[in-house]
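Undergrad: Handing you a structure now.
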Amino acid sequence: MASAPTSKYNSHSLENESIKRTSRDGVNREIGEALPRLPGETRITDKEVIYICPFNGPIKGRVYITNYRLYLRSLETDSALILDVPLGVISRIEKMGGATSRGENSYGLDITCKDMRNLRFALKQEGHSRRDMFEILTRYAFPLAHSLPIFAFLNEEKFDVDGWMVYNPVEEYRRQGLPNHHWRITFINKCYELCDTYPALLVVPYRASDDDLRRVATFRSRNRIPVLSWIHPENKTVIMRCSQPLVGMSGKRNKDDEKYLDVIRETNRQINKLTIYDARPNVNAVANKATGGGYESDDAYHNAELFFLDIHNIHVMRESLKKVKDIVYPNVEESHWLSSLESTHWLEHIKLVLTGAIQVADRVSSGKSSVVVHCSDGWDRTAQLTSLAMLMLDSYYRSIEGFEILVQKEWISFGHKFASRIGHGDKNHADADRSPIFLQFVDCVWQMSKQFPTAFEFNERFLIIILDHLYSCRFGTFLYNCESAREKQKVTERTVSLWSLINSNKDKFKNPFYTKEINRVLYPVASMRHLELWVNYYIRWNPRIKQQQPNPVEQRYMELLALRDEYIKRLEELQLANSPKLSDPSTSPSSPSQMMPHVQTHF
């Protein structure tokens, strides 16, 4: 592919720029010299506008539109404002006012974004001056509606690391000690014939044949049979994931499904019962019978016990996040803040998701029983519960690459419907399938990182950059609904992975307080008293919310680490300089670590 002309910004400096801008109203107060462009990014048009800043009032500027971003630079001498917004972030574009509208700045465009902010631009009323800007923005923000490619397929960035190589399912299962004499890897789904929303490679009980799996699939919604997500390294209990059984109003039974769940239980001779966690509220699960779904009844599944976790559906979560946006953007209602936050129920939903994951993790960690997790279709709440429980149980997933593998495995390969939930390149902002399920998961991870500040290798910036590129369409990582669709579109060949960007510059995303621990189970406190709104994400666009970037404690700690490294280096130099004078090498310390055995930092 021919390389598009680029500015002096390379991909890393661009990322610096985008991270700087995330701390305020999407603005970077440092003036660059030119419109930044990625390789493959082309400039479409530019126009003089008035940006109606909700915090500082109208600002005259020039807006540039490329096939990737909207970029505004202030033209006022007393304002150095820069606004840099990937077009993938845009949810809705509306015309504001008409040709006869009165009042200053009443004619222009209103832009609703997916990342908790809105943008408003005023233009001159004469000569339909907004028409071309509206049409160009609509065309490139919603490329699927105009038969255009998503920008990820045009992006020609090159990185030192290939992020597509991060996740190899065989290697990840091998890390878990699989296959073994109780569990096998099956390729029954290699052409996505058993289940078109599952990955090609699945782990199932050794005693279940492929024909058994086919029969079980007929009784599970979307053919999403129970398959293994994680096995405990010591007690060998497992976390399984699937969709609801197709019980229906008549209370249908399926002997193959009942036998299959019993086979899962029998892979561990120490347990008498299999625990099934249905993520839904009981009333919703019962209502699902009317549409052919349902849950596992006691009389059909004798050796299983069922618990409902009361986590609400995608529509409830969508409305809850809308309420959060209402109270944080553009203004934060200080006088009624706590009651306003409570009325959104957002933290209540976070609490229920965390509580459910804690129950799953505790059941497996204690060795009481193996666990089967499902909701309705097994790609929203199920993914939240399995991935959070695995994060609590397995310290590997708390490393940077381990977390990337967790997301690739439990979310991307197992068919969380990213395209439907986020609406990449799609103009239908009112689509009932849109929902912030993955954002909610990342929020839960952030809550855990606040309660266990030394347990995670990654920092807050890592989580925010994942969410920013969940929407941006710069990378192929989150495109499409399932593995079969990505394979059909050759996503790994034709796009760049987000993990390429992150893993090429890991230091930027590392938590300096991280202490590597093996086999430590994390049980976060999921009470409302211990949960808080993630201000640095949800309210980051408001310059009046004073944020200390970077964190002063973290900054000082980094300085101390740098100072320690400098002293160790000087010790090495002194040691080398004095080595000829040392008569007896056997009695001399051979390394700075031996010379300074007690050098450590206490936190």
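Cβ atoms are placed via backbone N, Cα and C, with glycine included.
Copying in the features that TrEMBL gives for the protein in this structure:
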BINDING   N313, I314, C375, S376, D377, G378, W379, D380, R381  substrate binding site
COMPBIAS  1-13  compositional bias 'Polar residues'
COMPBIAS  14-25  compositional bias 'Basic and acidic residues'
DOMAIN    344-406  domain 'Tyrosine specific protein phosphatases'
REGION    1-25  region 'Disordered'
REGION    578-603  region 'Disordered'
Undergrad: Cβ within 8 Å of the substrate site centroid (N313, I314, C375, S376, D377, G378, W379, D380, R381 excluded): which residues?
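TA: Here the nearby residues are A279, T382.
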Undergrad: Per the record, substrate is bound by N313, I314, C375, S376, D377, G378, W379, D380, R381: how many Å separate the farthest pair of Cα atoms?
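TA: Output for substrate binders N313, I314, C375, S376, D377, G378, W379, D380, R381: max Cα distance 12 Å.
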Undergrad: I'd like the number of other C-beta atoms within 10 A of the C-beta of D377 (substrate binding site), please.
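TA: There are 19 of them.
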Undergrad: Could you break down the residues of the domain 'Tyrosine specific protein phosphatases' (344-406) into DSSP helix, strand and coil, giving a count for each?
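TA: The breakdown for the domain 'Tyrosine specific protein phosphatases' (344-406) reads 45 helix, 4 strand, 14 coil.
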Undergrad: Please give the average pLDDT for the domain 'Tyrosine specific protein phosphatases' (344-406) in this predicted model.
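TA: A mean pLDDT of 97 is what the model gives the domain 'Tyrosine specific protein phosphatases' (344-406).
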Undergrad: Give me the count of other Cβ atoms within 10 A of the Cβ belonging to N313 (substrate binding site).
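TA: So the number of other Cβ atoms within 10 Å of N313 (substrate binding site) is 17.
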Undergrad: Validating a neighbour-count step here. Other CB atoms within 10 A of the CB of W379 (substrate binding site): how many?
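TA: For W379 (substrate binding site), the count of other Cβ atoms within 10 Å is 25.
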Undergrad: If one looks at the chain holding C375 (substrate binding site), which residues at least 6 apart in sequence have a CB under 8 angstroms from its CB?
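TA: When sequence neighbours closer than 6 are ignored, C375 (substrate binding site) has S243, Q244, D278, A279, R280, I311, R381, T382 within Cβ distance under 8 Å.
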